[in-house]
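Taken verbatim from Swiss-Prot:
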- 868-881: compositional bias 'Polar residues' (COMPBIAS)
- 212-296: domain 'RCK C-terminal 1' (DOMAIN)
- 319-404: domain 'RCK C-terminal 2' (DOMAIN)
- 408-493: domain 'RCK C-terminal 3' (DOMAIN)
- 499-586: domain 'RCK C-terminal 4' (DOMAIN)
- 857-881: region 'Disordered' (REGION)
- 1-21: transmembrane segment (TRANSMEM)
- 47-69: transmembrane segment (TRANSMEM)
- 106-126: transmembrane segment (TRANSMEM)
- 140-160: transmembrane segment (TRANSMEM)
- 186-206: transmembrane segment (TRANSMEM)
- 602-622: transmembrane segment (TRANSMEM)
- 626-646: transmembrane segment (TRANSMEM)
- 654-674: transmembrane segment (TRANSMEM)
- 685-705: transmembrane segment (TRANSMEM)
- 734-754: transmembrane segment (TRANSMEM)
- 776-796: transmembrane segment (TRANSMEM)
- 804-824: transmembrane segment (TRANSMEM)
Amino acid sequence: MAAIGWPGIVAIISVAISFIIMAADWVGPDITFTILLSWLTAFDGKIITVAKAAAGYGNTGLLTVIFLYWVAEGVTQTGGLELVMNYVLGRSRSVHWALVRSMFPVMVLSAFLNNTPCVTFMIPILMSWARRCGVPPKKLLIPLSYAAVLGGTCTSIGTSTNLVIVGMQDTRYNKQNKEDEAKFGMFDIAPYGVPYALMGFVFIILTQRFLLPGNSSRYAKDLLIAVRVLPSSPVVKKKLKDSGLRTQTGFSLAGLWRGGAMTRQVDPDTVLEANDILYCAGELDVVEFVGEEFGLGLVTAETERALTDGQAVGDSEATAFHDTGASPYKKLVQVTMTKTADLVGRTVREVSWQGRFGLIPVAIQRGNGREDGRLNDVVLAAGDVLILDTTPHFDEARDDFKINFEKLRFVKDGAAKEFVIGVKVKKNSEVVNKTVTAAGLRGVPGLFVLSVDRADGSSVDASDYLYKIQPGDTLWLAADVGAVGFLSKFPGLELVQQEQVDKTGTSILYRHLVQAAVSHKGPLVGKTVRDVRFRTLYNAAIVAVHREGVRVPLKVQDIVLQGGDVLLISCHTKWAEEHRMDKAFVLVQAVPDSSPPKRGRMAIGVLLVVGMVLTQIVGGLKEKEYIHLWPAAVLTAALMLLTGCMNADQARKAIMWDVYLTIAAAFGVSAALENTGVAGKVANAIISIGKSIGGDGPALIAIYVATAVMSELLTNNAAGAIMYPIAAIAGDQLKIPAVDISVAIMLGASAGFINPFSYQTNLMVYAAGNYSVREFATIGAPFQIWLMVVASFILCYMKQWKQVWIATWSITAFIVFVPALLTLLPHTVQNRMEAFFDRIAEAINPRAALQRRRSARAQSFGGKAMSVGSTESRTDGSSTPDVALTFIEMPKMGVR
């Protein structure tokens, strides 16, 4: 092949610069590829002509991707997927079975629906389910993304990349009049994708103990936090060993204060009493979860000081794990004491925290091994990490704050708009005869149960963790807008204001929620919702009201509106546009994903999707395409529109135009690389690998690895589109079937597991689970290596796919069910195996092992030393001081 001329050099340099821009995340791939393609057309057709550059925008594979978003939106709007998944998930108490129950259904679902919608609706379902089952949500969210990706490798419609490759293969070989080579059936990838997915699933199951993060967070670890056992807590009158507190992951009980006496080593047979003070060693978010689950309230330094001074302290003067509405304090923050802080050397008691900073100490992480007593007696030192509650006077921009503190992080933000919203329990609701926790309504991000109004007129406080919900009960909840969307889709519940909503006459098909801020000079100020006759005047119903700094406890109709109040309104989809300039409001905006589910259309939506899939299955079995997936998707979506599964606006918004632009432009860029001979040169390198080793396998492995690496740096769609012409040239020269080439690229393009920004579903769970990049890489890097080995084996033995299927299914079945068989062994054998796996875990992940040792030491020997200052060896050979545990010694009087 001749040397690459100047057009090829320009193309290489241009693509390289674009890769750097996208890898650094300076500009998104949709904009970058579009500009790159336009630039490559500016050389009088020497690199690529305008006509060829524009051809990608009409590619049938790309059009299929776009219109499948309509189908996914239609079935999601009916609420059918949530109902099915809640039923399939069931209940589990172990991480092993939780992963099995959550990953398998998602893998099956994502084989036929786009990954992004699957993960979007599964995140809140999975988080609620995890809380309900007592499993750390962080153990499940990364596997959720991986399961969606793995499931997508099982069919040609499983991912947008698969459809793109199918479209490119069809276009390439039809132009060459090779119709047999152009065909790629719906299940042509299944013989290789299913074993690939199963082995990925097996890896997650085997390594979840060692590599998956638990309830760890990005914030300070090994804090010692004091909590009070609330009178209605389910642990009252239970022995410690029977309470469930000792079995919580990442949570250790290090001491107990009762009746003026401190117990450093708590006997497992100790019976817990109301108002006991428990000293919990762990991370703030772990203690928060356990506190909400078991009915525990947080104790602050201010509470301790008041008690020490002999003052009576009410509940409103302490901080709860969730804003209770009684306290004006809205956020918990984490800060580090600076070296130049004038607070260094002073005790916590000596600092006027509220007056000077608008802050109240909650916990301190120590690292120097000094003996400290009560929280107020701790002598502050540079480098101390503090968890602080904020007051309305807190201002991070003040010079005084900057001098004393650095590394500010908002650990818990309660200042987001929070609405009080009421929901009624329907007669046949699944939550009937369940506690709030068992119903999945406690521990949901942005949602907090305030109280329950019973059907007989009596009221139950939210702190009653034992109350079982009954038909006709009204649950009053504090919820941000995201949680309101979750509530609107929760089966068996309906809004208290539902009657008012129905009276507006707006069809459920065009109903959604809007936020509208009341103008300070508008006509609504000073009037109740009832006096205004809001529904009659605006043809909309107020569902809830948010008032800055104050939780509004009144029923909506009786609230006297004030300027600045934010109204949550159920209305027609065009209401926001019609009232955007209304003098009564200063800000009107729609709440995303707030349309109520059209459950009456659920069966229709599911049947239409099944019908669409069946057209492709039958066509594949008959080796005759009855209808292409693109028009099949459009017709399915059209029927969904006609039957009321979704409306036209929802269909328009469902299309991800950034994906469309990225794929379309990447088609043109790949064509430019082929026209200039660059693709051929790279293909020659792959051909050389194949010829030097021998056989098709090495060449296919090289294609897979190159695509996988590119997928980590770019998007999966871009990686597939860029690599296809290169791989196709190599395949043609090596006489490798076109289907095999496409399979290698499809598998490689989906292999974006290390970088949370490499795949859209990764990014979604990264944000929802509050992961760090390191946590993602800890599981992602070995997972990537494992799948490269698996893919290499599969690609080398493609002709023996039946034997590979039998082997992988057998391995999967063994891994899934062996834990159930192990429970039949004697307890002594089980304990030895547990210890053996613990040693393996320590060898693989020393950081996690260190955290477990600290927790165990705090739980078993917490009373023998108030501060622990020993050092632990780090993996890099250095040492780091262990964290001192600072106990809050409580005086003999009433406690919070």
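Cβ atoms are placed via backbone N, Cα and C, with glycine included.
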Checklist line | Secondary structure composition of the domain 'RCK C-terminal 3' (408-493) [DSSP: H/G/I, E/B, coil] | finding: 8 helix, 32 strand, 46 coil
Checklist line | Average pLDDT across the domain 'RCK C-terminal 3' (408-493), rounded to a whole number | finding: 78
Margin query: Could you check whether the transmembrane segment (734-754) packs against the transmembrane segment (140-160) - three or more CB pairs closer than 8 Å, residues at least 6 apart in sequence?
Written below: yes
Next item on the list: Look at every Cβ pair spanning the transmembrane segment (654-674) and the transmembrane segment (47-69), keep those 6 or more apart in sequence, and say whether at least 3 of them are under 8 Å.
Entry: yes
Notebook entry, point to check: Near the transmembrane segment (106-126), which residues from the same chain, at least 6 beyond its ends, have a CB less than 8 A from one of its CBs?
Noted result: 65, 68-69, 71-73, 75-76, 81-82, 85-86, 89, 137, 140-141, 144-145, 147-152, 154-155, 157-160, 197, 201, 444-445, 486, 609, 613, 656, 760-761, 764-765, 768
Note to self: DSSP-wise, what's the residue breakdown of the domain 'RCK C-terminal 4' (499-586) into helix, strand and coil?
What the structure shows: 24 helix, 27 strand, 37 coil
Note to self: Applying the under-8 angstroms CB criterion, which one of 47-69, 140-160, 685-705, 804-824 scores highest with the transmembrane segment (626-646)?
What the structure shows: 47-69
Item checked: Long-range Cβ neighbours of the transmembrane segment (47-69) (under 8 Å; 6 or more residues past either end) -> 7, 10-11, 37-38, 40-41, 113-114, 117, 157, 160, 163-168, 170-171, 628-630, 633-634, 637, 654-656, 659-660, 663-668, 671-672, 675-676
Notebook entry, point to check: Are there residues at least 6 beyond the ends of the transmembrane segment (140-160) whose Cβ is under 8 Å from a Cβ of it, and what are they?
Noted result: 64-65, 68, 98-99, 102-104, 106-112, 114-115, 118-119, 122-123, 126-127, 130, 166, 184-190, 193-194, 196-197, 200-201, 204, 208, 212-213, 616, 629, 659, 663, 716-717, 746-747, 749-750, 752-753, 759, 761-762, 764-765, 768-769, 771, 775-776, 779-780, 783
Next item on the list: Mind checking which residues of the chain, 6+ beyond the ends of the transmembrane segment (602-622), have their Cβ under 8 Å from one of its Cβ atoms?
Entry: 71, 74-75, 77-80, 83, 112-113, 157, 185-188, 629, 632-633, 636, 639-640, 643, 645
